[in-house]
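Student: First, the structure itself, so that you have it in front of you.
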Amino acid sequence: MPRASLNHYYQPTVLSIRKHASSDVPPDTEPRAPSEDATAVIFIDPEKEKATVRKFDRYVLPQFVIIQILSYLDRTNIGNARIFGFEEDLNFKGNDFANLTSLFYVTYVIFEIPWVLAVKRYGANSVIAIAIILWSIVVISTGFIHSYTHAVVLRLILGFTEAGIFPALSFLISTIYPRGSQAKRIAVLYGSTALAGAFGGLIAYAIQMMGDRLGIAAWRWLFIIEGAISIVFGLACWATLPRSSEEAWFLKEDEKRLMKDRRARDIAYTGSDEFSWSYVWMAFTDTMVWAAGLSLFCAGVPLFGFGTFLPTIIKGLGFESLQVNYLTIPVYITGCIILAIVTFISDRLQKRAAVAVLVPLIVIVGYAIPIGTSVAGAGFFAMFLCSGVYTYNTLLVTWVSNNIKPDHKRSAALPFFVSIANISGVVSGQVYPTHTAPRYILGNAVSLSMEFMAGCGIVVIYFILRRRNQIKDKQRADGITDNGDKSDKALDFEYIL
């Protein structure tokens, strides 16, 4: 029996589903053919479907990008603030800055899953807007602190408020877009983190040039201004983000019905919408999810270290403080370009593993250069190669999201394996200690090693998924048509390799 393929979303096909699985589909959406086995046939115009989904690209995806930019900007601006007096004014000692960086990820990891489940239950608009407003208040407050203790408390709260943003946005993308085109949307989110670094460098440079104003130090203005921008956007999101894809304010009534029909049509992929803790347990016991989490953990050490410590690393190459913030801009832009090119290739070839396993090689070369030489020009060039760290996570998160069903399992699995990965933020804060300045060989060596392990993780996941497909092939060859599983291990679900 040929393997059922779900890789292509817009097919002019007719799909039979059980009525009880599509009770939320309006009866007057499209003509339905009755049958003896209590099934209904849903007809959806593929061109109308494409046009409807494109509306999310116009109205929702740009908001996701801005949210991710603001989140990353408000999380990593501490690295820019460090360049112009943050540590000195707060009397930091020894490894205080590294510890402060690591502490953010303690609460960040703990609260990722609750935030995503809240989005699933209460809707994207209210939950995400509340998160943005809360973290904005924390960032603004950072501009008025006067001790290391104050900084620790606020970083812990910031980790809590930002915890669910990226996994929630990734989950929402997985519920809106077809599997074959999710990669470029999630790539846009990861690309926006690189873009945030470029914006952060530009804003920091402008504020550094502005200097102290109204008796307030420049680094304090950095937190106040960036926090104020975020809080305004957070308030706007409450009105502009839809609660769900089926209730989006910019859709016409027939388009809303189409989205509901599409959910019913694709029940083989998304599974039942009825919540069950068994799906959460499936996520926590899935070897693929754990393998993905450990792989992302390895990739996360260089990723988080790069985002926070890039200004510090560039300064260690011998550049002046005033130069450092604007020198980060072209590096981050290069990261966006690498991400765009590799993601395009991945989507074009539909070979996630083959493309993803090659990405760490670029980054490994990048970290090897400053380990081997102290020449400033070579070290700065190496940072452009290291900017490829954003690409690996894009491909892996998309790949794993494509291979998990139903929604409730995915809504637990995504933040779960991303939570495992984000523990690496605690590690990354410790691999660039002050006493290893100016070359930071320890941090670069650890980052290189972890990138190598991340590449090995891709190979492991590939063989896990290939083995699962082979088992299903054998079952179908033996004449089995239904193995009784309703998750991604069901016979009608094919894992993308």
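Note: Cβ is positioned from N, Cα and C throughout, glycine not excepted.
Heads up, TrEMBL stuff is auto-annotated, nobody curated it.
TrEMBL feature annotations, pasted as is:
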DOMAIN    60-469  domain 'Major facilitator superfamily (MFS) profile'
TRANSMEM  97-119  transmembrane segment
TRANSMEM  126-146  transmembrane segment
TRANSMEM  152-174  transmembrane segment
TRANSMEM  186-207  transmembrane segment
TRANSMEM  219-241  transmembrane segment
TRANSMEM  289-314  transmembrane segment
TRANSMEM  326-346  transmembrane segment
TRANSMEM  353-372  transmembrane segment
TRANSMEM  378-400  transmembrane segment
TRANSMEM  412-433  transmembrane segment
TRANSMEM  445-465  transmembrane segment
Student: Are there residues at least 6 beyond the ends of the transmembrane segment (378-400) whose Cβ is under 8 Å from a Cβ of it, and what are they?
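Tutor: Contacts with the transmembrane segment (378-400): 170, 182-183, 186-187, 189-191, 193-194, 288-289, 292, 295-296, 299-300, 302-303, 306, 310, 313-314, 317, 319, 327, 330-332, 334-336, 338-339, 342-343, 346, 352-353, 355-356, 359-360, 362-363, 365-370, 413-414, 417-418, 421, 447, 451, 454, 457-458, 461, 496.
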Student: Among 126-146, 186-207, 353-372, 445-465, which stretch has the most Cβ pairs under 8 Å to the transmembrane segment (289-314)?
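Tutor: If we count Cβ pairs closer than 8 Å to the transmembrane segment (289-314), 445-465 scores highest.
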Student: For the transmembrane segment (353-372) against the transmembrane segment (126-146), do we get 3 or more Cβ-Cβ pairs below 8 Å once near-sequence pairs (under 6 apart) are dropped?
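Tutor: Contact between the transmembrane segment (353-372) and the transmembrane segment (126-146): absent.
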Student: Within the same chain, where does the transmembrane segment (326-346) have neighbours whose Cβ lies under 8 angstroms from its own Cβ atoms, ignoring anything closer than 6 residues to its ends? I mean 6 or more beyond.
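Tutor: Non-local partners: 183-184, 187, 190-191, 194-198, 200-202, 205, 310-311, 314, 319, 352, 355-356, 359, 362, 380, 383-384, 387-391, 394-395.
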Student: Which range wins on Cβ pairs under 8 Å with the transmembrane segment (97-119): 186-207, 219-241, 412-433, 445-465?
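Tutor: Maximum Cβ contact count belongs to 412-433.
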Student: Under a criterion of three or more Cβ pairs within a distance under 8 Å and sequence separation of at least 6, are the transmembrane segment (219-241) and the transmembrane segment (126-146) in contact?
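Tutor: Answer yes, regions in contact.
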Student: Is the transmembrane segment (126-146) close to the transmembrane segment (412-433), in the sense of at least 3 CB pairs under 8 angstroms with a sequence gap of 6 or more?
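Tutor: No, the transmembrane segment (412-433) does not contact the transmembrane segment (126-146).
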Student: State the non-local partners of the transmembrane segment (186-207) in its own chain: residues 6+ outside its ends, Cβ under 8 Å from one of its Cβ atoms.
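Tutor: Distant Cβ neighbours of the transmembrane segment (186-207) are 61, 64-66, 68-73, 76-77, 80-81, 83-84, 166, 169-170, 173, 218, 221-222, 225-226, 307, 310-311, 322, 325-329, 331-333, 335-336, 339-340, 343, 387, 390-391, 393-394, 397-398, 401.
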